[in-house]
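Only one structure is covered here, and it is reproduced in the block below.
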Amino acid sequence: MSTNDNWYIEHFQPTGSAIGFRISGKLDEVQSLFQKIEIYQTTDWGKLMLIDGAVMLTSRDNFFYHEMISHPALFTHPTPKRVVIIGGGDCGTLREVLKHPGVESATQCDIDEQVTRMSEKYFPELCDSNHDARAELLFDDGVAYMANCPAGSVDIVIVDSTDPVGPAEGLFNKAFYESCFKALKDDGLLVQQSESPLALLDLIKEMRTEMGKAGFQSFKTLPFPQPCYPTGWWSVTMASKQAKADFAFRQGAAQAKGFETLYYTAHLHTGVLVAPPFVAKALGE
């Protein structure tokens, strides 16, 4: 990470590359109990949030991530009513989940309250649903929350975390996935951000292996553009308890959705289920 000549530059060692944003000023900085959160004003990308020097989101392109970690799973599950979000402190995923009228409750559990408070202040458009009667915001350890979640009580678990280091490290292992497996109903789905398929396919393979050890039987990794993240290409991985699940989705419902999205569509969902050949080969699909 470096800041010079009015540019913020994040270096990405796995690919020997970097991504940068021209900035006009620093708006805020908070050192929480867990991490350093910074907010910058950019010249072209709106506001920029960093956590421990890594880009988390910008005003301009966060919709790619928030829509793709939410809507594919919600339209794949037959009747998603109870959703748990682990992480997601910026509240963008919660907003997308609660666009679905059939969702009866959505609990967001993020260990760091300061992420949410900074988002409320600088990204208020992401926090539109924070006071929805169906929303519950908890500031606690997501690993402990899932370990204590009643068996068979959840339809979808969304793991919207930072990279698998620091506070998020415990969200990428067999023990955590076992807790998710236990909490999910038989037709439940786990969906987790799974980094860049261009640079970190080995990490995606490891995640899927650990999910399998925890009992999940079928997996689907969905790539999508994310310009503000290293390589500009990101992914989420869905896991099902069902053997040989094809991850078919409720296409009619997706086409007739009564809410606006900026990236996700039913046609796009159909296409993203077909992995690029190099991804399919690496993941054994």
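Here the Cβ of each residue, glycine as well, is placed from N, Cα and C on the backbone.
Keep in mind that this is a model prediction, so the values were computed, not measured.
According to Swiss-Prot, the features are:
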- 5-241: domain 'PABS' (DOMAIN)
- Gln35, Asp110, Asp141, Gly142, Pro167: S-methyl-5'-thioadenosine binding site (BINDING)
- His66, Asp90, Asp160, Ser161, Thr162, Asp163: spermidine binding site (BINDING)
- Asp160: active site, proton acceptor (ACT_SITE)
Which of Asp90, Asp110, Asp141, Asp160, all binding-site residues, has a Cβ with the fewest other Cβ atoms inside 10 Å: Asp141
DSSP-derived structure type at Asp110 (S-methyl-5'-thioadenosine binding site), helix or strand or else coil: strand
Distance [Cα-Cα, Å, rounded] between His66 (spermidine binding site) and Asp110 (S-methyl-5'-thioadenosine binding site): 16
Integer Cα-Cα distance in angstrom, Ser161 (spermidine binding site) to Gln35 (S-methyl-5'-thioadenosine binding site): 13
